[in-house]
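The structure appears right after this line, and notes come after that.
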């Protein structure tokens, strides 16, 4: 088999049809999977010796949340080191990173694997991976044909990365190349709430405004603060952290503003406070709502005039500090109750950000679960950690009052429990490994029997059409996987789909 001009043109067209980068990447992966008839495909971005999935097809959804460190994935390391197409033999001793992550094939090992490194000039920027369940699945495609595919994908990814850098309005170091940007915090999530939050972070990071980050406990407010700092012009200077809830009243002023020798009993030397440490950088005040009214007044002065006074010192020191504050309280209610100063609230909340709770983030819970599974795999030296269908269903229907922090602890605990019930270095997390309070899973509703308005043939075709649509959706539009699920020959399925108007 060889690629026709029409096939390559179709791939190029799909790369232009998407509205955003994510849509274009997904179209590319879906089209490649159809053209190459593979069971799974993925587009990965290379960053700091790890591959980050950008788009997948035929793989479990939690793959999008995983971060594949080269040290833990020898096949991906081989792809990163190669300058050309990499074909792994079916009997390769190198474990495949997607073993157990192809829906419906969890118990089988991937047999055919091709890796295409993607370059912008001499810089590795990503990779395309193609996987199949048959050993000789990709033998019909020449290296030259696969290089054409890699060139198209590399061009799309290179343009996307360049546009991303321009849109971020961040200046690179003077000697940096376009693909050597300062590493920034990765915030995992594709839900509308997280997409909006990422846009707002990008907007406010380029400014010097104070930011008030609100959200429930465990939602990741500190991660938001870190992302703002790392995407700001202050990124080369320190981000200093202070938990106001853990600050004893007796030393709170000293912690914030510092003290001079002899200022109080135990002050045996001069000491800089958090504001001095954060000069020209960023100060993150976590749980700002826990500060006393007296300290709030002193903090307000710093925000107004930009100077601090060490405890026991009459002199004022000028500081240039951006303040990011976080709280799990409703500070408006605290102001009305007289527990928080209104003037300080308005100074801090120049640009308010709200971090959505995990229960409102939809499928993000699965992406995050994949991220934590990969972390556990690396830390505990396991060959793979995967979620069963039952575990995924449970995670999607639990409310997570402790949010992302609770999910992280639940995954780590489940891995420990799962390891105790089976030998070997492969772990499959089942629903029973999660010690959640009772979760009511939805039961399929029995549809009312419709009034017959079709003849038998029309009703049969309508049933076949809907069954095929559902099977395609469950298998990410992979016709081969769909045929296996429906227990029919793939060629017969294609013919039936054409007759039913599901294919051109």
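Just so you know, glycine gets a Cβ as well, placed from its N, Cα and C.
Here the DNA-binding region (479-498) returns a mean pLDDT of 77 for the predicted model. According to Swiss-Prot, the DNA-binding region annotation covers 479-498, on the basis of similarity to another entry.
The ATP binding site annotation in Swiss-Prot covers 215-222, 278-287. Under the DSSP three-state reduction, residue 282 (ATP binding site) is assigned to strand.
Among the features that Swiss-Prot reports, domain 'Sigma-54 factor interaction' is placed at 187-416.
Within the same chain, the residues at least 6 positions away from residue 57 (4-aspartylphosphate) whose Cβ sits under 8 Å from its Cβ are 26, 29, 30, 32, 33, 40, 41, 42, 476, 477, 478, listed in sequence order. According to Swiss-Prot, the 4-aspartylphosphate annotation covers 57, on the basis of similarity to another entry.
For 1-186, the entry in Swiss-Prot reads region 'NO sensor or transducer'.
Proximity of distant same-chain residues to the DNA-binding region (479-498), defined by a Cβ-Cβ separation under 8 Å and at least 6 residues beyond the stretch ends, is recorded for 34, 37, 39, 58, 103-105, 464, 467-468, 471-472, 504.
Around residue 218 (ATP binding site), the same-chain residues six or more apart in sequence whose CB sits under 8 Å from its CB are 358, 402, 403, 404, 405, 406, listed in sequence order. Per-class residue totals from DSSP over the DNA-binding region (479-498), listed helix then strand then coil: 17 helix, 0 strand, 3 coil. The secondary structure of residue 221 (ATP binding site), as reduced to three states from DSSP, is helical. Counting other CB atoms no more than 10 Å from each candidate's CB, the binding-site residues 215, 279, 285 peak at 285.
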